[in-house]
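Going by TrEMBL, these are the annotated features:
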type: SIGNAL; residues: 1-25; note: signal peptide
type: DOMAIN; residues: 97-294; note: domain 'Peptidase M28'
type: DOMAIN; residues: 323-396; note: domain 'Secretion system C-terminal sorting'
Ligand SMILES: [Zn+2]
């Protein structure tokens with residue numbers, strides 16, 4: 001549900017914010033993960049989504065899409081314990097939001113929410129919002145085994161087309177349902193990014209919060225959207241264009257004071273909310289580029305642990321050390337003055353994949369880990385005890 005009141009900001013605004021952007025630098029590991037976005041898989045997911053039919057309130061199609069989504073996450077390696085639902089009723093039927101949570105290594109209770117709606121109206125909604133669904137699935141698949149400092153929630157909302165009902169229910173009952181309320185770093189909403197068949201689809205709208213309800217979160221949204229714009233430039237072939245947020249699932253969050261940003265297609269299709277909102281009228285190569293940009297942005301916003309490799313020497317290290325250097329088939333962890341009755345030890349390879357993840361109970365000053373089937377190379381070794389974590393680069397031969 002979008003573009004009811006469309007009016008672009010003047011071009012100079014986009015130029016200004018682009019130039020004054022975030023100074024982010026290219027992270028080769030992020031690009032390596034973004035490179036794994038697959039247009040073939042996106043087309044497959046869009047086709048399956050289209051074949052599920054018109055996913056409006058109370059339909060079997062909507063229920064089947066919920067099951068389809070859940071099975072996708074399971075097939076990508078997520079477990080049932082990571083998947084929750086949030087149900088809400090209106091107009092005589094019940095709809096369901098699907099939430100997949102990936103716990104962060106450093107800030108487990110602070111969340112980057114990556115969301116988009118899966119309900120549709122008057123048509124199969126392959127663009128609005130099968131495209132957002134396909135992009136979110138792509139990010140979820142590629143980040144499943146990548147450790148991030150912040151927790152991530154992938155949320156597939158329902159009830160969007162009937163008035164942002166699913167996202168409003170989630171904010172009211174889940175985000176605000178605890179004391180203190182859920183701590184959200186950012187909400188990144190992806191809605192209608194399918195492009196127009198036959199057109200030159202090279203622009204992506206990057207949406208920031210500009211309204212005054214409240215206005216206190218607008219500056220932070222502007223900062224995050226500048227970072228999103230930087231990620232589009234760094235990790236895709238698309239041209240970012242600054243726009244503003246309205247009429248999608250970030251609205252209940254921004255009204256709750258959260259920090260939001262979003263993606264929307266640059267060429268606006270005329271097909272959404274009709275029976276012709278189908279893959280044949282879209283540009284899957286464009287969706288693929290959007291997925292690349294969104295994957296780079298997700299890694300940036302959730303801080304993939306790989307990024308800590310180069311700054312590890314600046315962190316407080318509690319006297320933690322690893323030896324020998326290089327390590328062969330064993331690695332000894334010296335815990336220094338890191339406290340706690342247990343710690344978690346992880347090894348992450350250069351692609352960002354966690355290759356070893358173990359919990360050590362009642363550790364001594366030194367603990368020795370056996371390394372099995374690890375390729376020679378540079379790894380990021382992390383010791384995490386409660387709020388404290390130390391990450392260092394190690395070499396295995
Ligand atoms: Zn939509």
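Using the three backbone atoms N, Cα and C, a Cβ is placed for every residue, glycine included.
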Would you mind splitting the domain 'Secretion system C-terminal sorting' (323-396) into helix, strand and coil residue counts from DSSP?
0 helix, 46 strand, 28 coil
Take every residue in the domain 'Secretion system C-terminal sorting' (323-396), average their pLDDT values, and give the whole-number result.
85
